[in-house]
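> One structure, as structure tokens, below. Some questions next.
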Amino acid sequence: MTDFLQLVIAGTATGGCYALAALGFTLLWQASGTINFALGEMVMLPAFMMLFFMSVLGLPLPLAFLATLALSLLVMGYGFKRVVVDPLIRHDVITLVIATLGLSIGVRQAVKGVASAQVFTFPSVFSDTLLTIGGVRVSAGDIGTVVVACTIVLALQAFLNRTVTGRAMQAVAQNRDAATVLGIKVERMVLYAFLINAALAAVSALLITPVYLAKFDMGDTLGLKAFYAAIIGGFNNSRGALLGGVLVGVLENLVGTYISPGYKEGVALVLFMVVIVFRPQGLLGTVEERKV
Amino acid sequence: MMHRRTALKLGAALATIGLPAGAAESEVAIHNNVELSGTGVTSGSMWKMGVDLAVKEINAAGGILGRKIAITHQDNQSQPQIAKAVATKAADAEPYVMLGPIFSGDVNVSMAVAENAEIPMIMGGEAANLTQQGMKYLFRTSLNQASAMPKLANYLAKNGVKSMVVVWGANDFGKGGRDAMVKEMAARNIKLAADISTEPGQMDFSPVVVNASKANADALFSYMNEEESARFLIALKKLGYDKPVYGETVLVSQKVIELAGPAANGAKGHVGLSVDAPNPKVQEFGRKFMQAYNTSSDHNGIKGYTAVYLVKAATEKLGKFDRKAMAAAIHGGSFSAAQYPGLLMDESYDDKGDLDRESYLVEIKDGKQVITEVLPPVGKK
């Protein structure tokens, strides 16, 4: 039983990181109808930004994170929206999807060119203390990751549901034309979604890179699993992203341990396919109707 | 209709393309088929840095028999099919020697190309089967798994290990090491408590650690490539695995120590090459490497460095550039570090291209590789 609980906690921590990235998918979809397949690279990029601030400028990790956060908001939030999304959104989703796929390759190769294809170590924001709770050994890092991920998801949920800005963002997601008529500044709301997405990517990088290690292609797996998690949980529900992420993280651990490590990497895909077939709107998502 | 001048230009261009890409007469061409991206980038980058350092030194000292080395590095992306294509293209250019690849799977598909072209191939692979296929032009730069595992297994038996978990990477390197270790364990009555394979590039090792803990063995043996080894050590520490962890070369290498950080402390193992070895020439190399690249060399850096110096030693011993004669000279040949300092250690080759030299038992303490015992070459036992 202790093994099982240990796997569930470790899986929840990993799933929490998937969830933060998945949240990026759901937010952008809700706010602007955008699917961003460069999301994995948007997690990788802040990891290298932090490494740059720490190793070149000598900043401690907290300051390096804050500097990265600011840069991420500028480049991956504002810049991404203005340079990539705005010119292409007027066409169709497929155009934008292809553009983000291209962007992901471009960013990956650019980082490889600048920082080399080597893997780099990355410090953890949490201590490496091992705690024993009820006979279960849990690392402080795992607990910290779960707490941070859950707090962010719940805070975001509260922001979207209980603040005027959050409700305005939801209104834009539901009907842009009606939101415009109601006097909501649609473009500003969409920008907020991109900025939040960039911040989530930076936090995700901070949490996952100490375990995954920093490498130019570290976003491949993460981006894909976050996408699966978003679909599984429901593309139009923020809590769904958390559920999807945690479900994938925990099931990967359980399958890897009790069935075979060889099947571990296929768990997210199988779950994704089951959900797509039996509940296309995702576990917590709602059915959307669109005119075509 | 094509103008006459255009046709002449085209003809000249085609003639130029058709020229062999070999080096000028004053140079000797060496081709390096190396993992500079993909899962082998950590190993390949170290190997390349070692090669470059040796080439720079040799050229600064006048080259080999008066000819400067013209080195060409080509990335095989850690993919066997690309490694073979790189080797095929390199063979067409007829270099004097082919260096690399490092990953055993890449070597496995490339070595036939070198064999058919009769070009010596000095590589970094450690899988035991590579040199068991009767190749005449294939040479190692490190001990093979069949030579290294008995040394580690003896150490385990001496330390009272009765049962062990074996965790290995599912590639030629990992499978070869796993097979060699399991064989040696059986010979010493060490029970295989759990046999766990992992995927190349695997990110999350939690299930592996839990399965290893469930086996309740006396110790754990890990045999994966650098990145995976580092992530595995981090996962072992994160989940509180408290049994001794052993490895062969990679697990206790400088690169893994750097990547895993404090999680590497306490790991023990056998290494064929280490810049911390109690050998002034090796330590001097370690200092030069650090000065040149601001990072510590691991075993792959030493392998790349000594590979180039082996070319120099064998060629100077022959007194001429002759690929066939060079390959024949290395087979069964012995090279002394006193006579050829760039080799760093005395080494001798058997008729298969396997080399023999001293090696070390190490333990990681405070983020450093500490040599606990120097083991003599197998041939000297």
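Residue positions begin at 1 at the first shown residue.
Each Cβ is built from the backbone N, Cα and C atoms, and glycine gets one as well.
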> Labelled transmembrane segment by TrEMBL, one stretch among A:36-56, A:267-287. Can you tell me which?
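In TrEMBL, residues A:267-287 carry the label transmembrane segment.
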> Taking the transmembrane segment (A:226-247) as the first stretch and the transmembrane segment (A:6-28) as the second, find out whether 3 or more Cβ pairs fall under 8 Å, excluding pairs closer than 6 in sequence.
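Judged by the Cβ rule, the two regions touch, with the required three close pairs present.
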> Count, for each of A:6-28, A:63-81, A:93-111, A:190-214, A:267-287, the Cβ pairs lying under 8 Å from the transmembrane segment (A:143-160), and report the range with the highest count.
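Answer is A:6-28, with the largest number of Cβ pairs below 8 Å.
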